[in-house]
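Written out below as structure tokens is the structure these notes cover.
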């Protein structure tokens, strides 16, 4: 009996973020297109050979992308956004990046979260007359590359229903499903080309099956796949990120050769599929966690797999739960990590070995993997018994919290009056979201400090110089509420995690967020507490430089949770409450230091939502409680801000309002202020700062564009509750474009302020 091992996808960025380096050198015109193409090819080949060497029997092809796999899927079917005027059949590399990053004429495509992960995809744009045509050459070229290396390759495609669903209808209203026949025809041609090129299998991902879908979308699967299965390779329909058991009968009846199930997120769903599982289908068990970094309990997994192997025989395949895109590359490279903690970890490379071990155990018995099982069992018991995991003081503090302790003393209208009396802000106050450009000088100082080449005093002096520069530039621009610029911060989560008990950090545990943007999530391995203040000295120094209010800047508890690799031995709610209390200590210390505007960023609050409606109320209740716990006890005159991005809020606005932040800033420019309709219908009660320009693009907005967005905002939000700000932090931009964009933003804000005064 043999069980094939395969991957749904592999980290694109490389062991040392080679893709990031390639992209950024190309964008700076240090590499030409040929060098970029060759570098990407070499990276793909290195990854395929690594997988082959680790025993992976079917490697994914087409999961690699220069920017985003959803954008690539659009281009495979010839559907570049119409507003750019590009011919998808003759798209240049430069035009590809213009879609993702914008150009002088068109803003970049909208970007949003990939389901409940911290990866961002570019949102497809559909029009009623969108036409599709198969453009298979990129995929065929990569298939040829893999086969030339002797790699057994499995092309990977984002499925047509998911691609269509993930996009937005543009122009006149229409039903996106009206585009499905043309889209399916293009997919048929793609699949036919793959079959003709010798592909035995093709993986088609339909992650939307883990969502609450309307009947019309569900009903579209059977006829679509009836068409797709003709003249195609064997199709493996992949689902992930959640439970699809309610669709078991439908999925088992589809004319595909196999199904992939996420048995990490939803292990119980297997019971809905095993009865009467079709004899002509393989079942791919997503048994190794593709999204977290903890070492697998191999003994327990073998116990779960044994009955599946007995029933299915060779038709049982082994795989990670989802693409390893969401996993860091290689834990073996973490030479500076505590050895005990390192022994608990498995990154992408280690997960390949776990698959190989499980395969050997199923095929040859546990005695064949006795050493691996012993190591796995030891790591599990070592972690369970480790005294570093539990802090009794944290547990006592949580248990002692009185009921209702997360509520502000007074309602928003009273707080707003007291805050205005203290802050004396003009109408339409201008501010930024927090970070300013991380210049080469800043990065060099931080690197030198971490290497011991720069003393603590020297580092503080360098950072204070950058803070003063940021304050002076903001004063010159005329902003009303200033920020210190976060020069001292490497990452909005890592910075805090480095100073909190219960966190650990890797040197190379990077994962892709979007394009060349990578993040290095901290590891929450134990109880969380704040040993000492984290931001107070920097904020106090910044405030000493100016008479204008300076915001204290914190990352919120839900975002720290969502953007970390979280311990799996405690409910996420409890971990989040621990983080909230640690942050509350910081908030109260900031207030005591004279900081009267404190921003608690929660850009990730929506991505924590369960993908299905069941369970969302429970999540939103504890997420809201955690946010309020983090700001509990502050004076009415202290203004609490929060920031959220890449989100659709319509269905969770009551929960957002329940956070009771005095000011919420949101990312809206890429969606042309579409989010504001939701806020208007809901009559959001507190102040709002909708982003007036897109910081993810190097393009500097015109005053006319900013004015148009603010005019839209003023139709929905009363002027006395409207703030003027960019979409997000400015860390990744350069100072010339930042100053130009902010100057335009401040000028438009003042212009509208004068109009309001005249109208009054």
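One-based numbering along the chain as shown.
Yeah, the Cβs are placed from backbone N, Cα and C, and that goes for glycine too.
For the L-homocysteine site, Swiss-Prot records 433, 434, 435, 601, and the single candidate of 381, 486, 488 listed with them is 486. The candidate list 625, 667, 739 contains one residue that Swiss-Prot assigns to the Zn(2+) site with 643, 645, 728, namely 667.
Per Swiss-Prot, 5-methyltetrahydropteroyltri-L-glutamate is bound by 17, 18, 19, 20, 113, 517, 518, 607; the candidate from 48, 538, 563, 622 named for the same site is 563. Excluding 433, 434, 435, 486, 601 themselves, the residues of that chain whose CB lies within 8 A of the CB mean position for the L-homocysteine site are, in sequence, 432, 483, 492, 553, 599, 643, 728, 729, 731.
Note: residue 435 (L-methionine binding site) has non-local neighbours 483, 485, 486, 489, 492, 729, 730, 731, i.e. same-chain residues 6+ apart with C-beta under 8 A of its own C-beta. If you measure from the Cα atom of residue 728 (Zn(2+) binding site) to that of residue 433 (L-methionine binding site), you get 5 Å. Comparing residue 643 (Zn(2+) binding site) with residue 17 (5-methyltetrahydropteroyltri-L-glutamate binding site), their Cα atoms are 29 Å apart once rounded. Comparing Cα positions, residue 433 (L-methionine binding site) lies closest to 667 out of the recorded positions 518, 667, 696. Closest by Cα distance to residue 113 (5-methyltetrahydropteroyltri-L-glutamate binding site), from the binding-site residues 434, 601, 645, 667, is 645. Of all the recorded positions given, namely 113, 696, the one with the smallest number of surrounding CB atoms inside 10 A is 113.
Those residues noted as binding L-homocysteine (433, 434, 435, 486, 601) have their most widely separated CA atoms at a distance of 13 Å.
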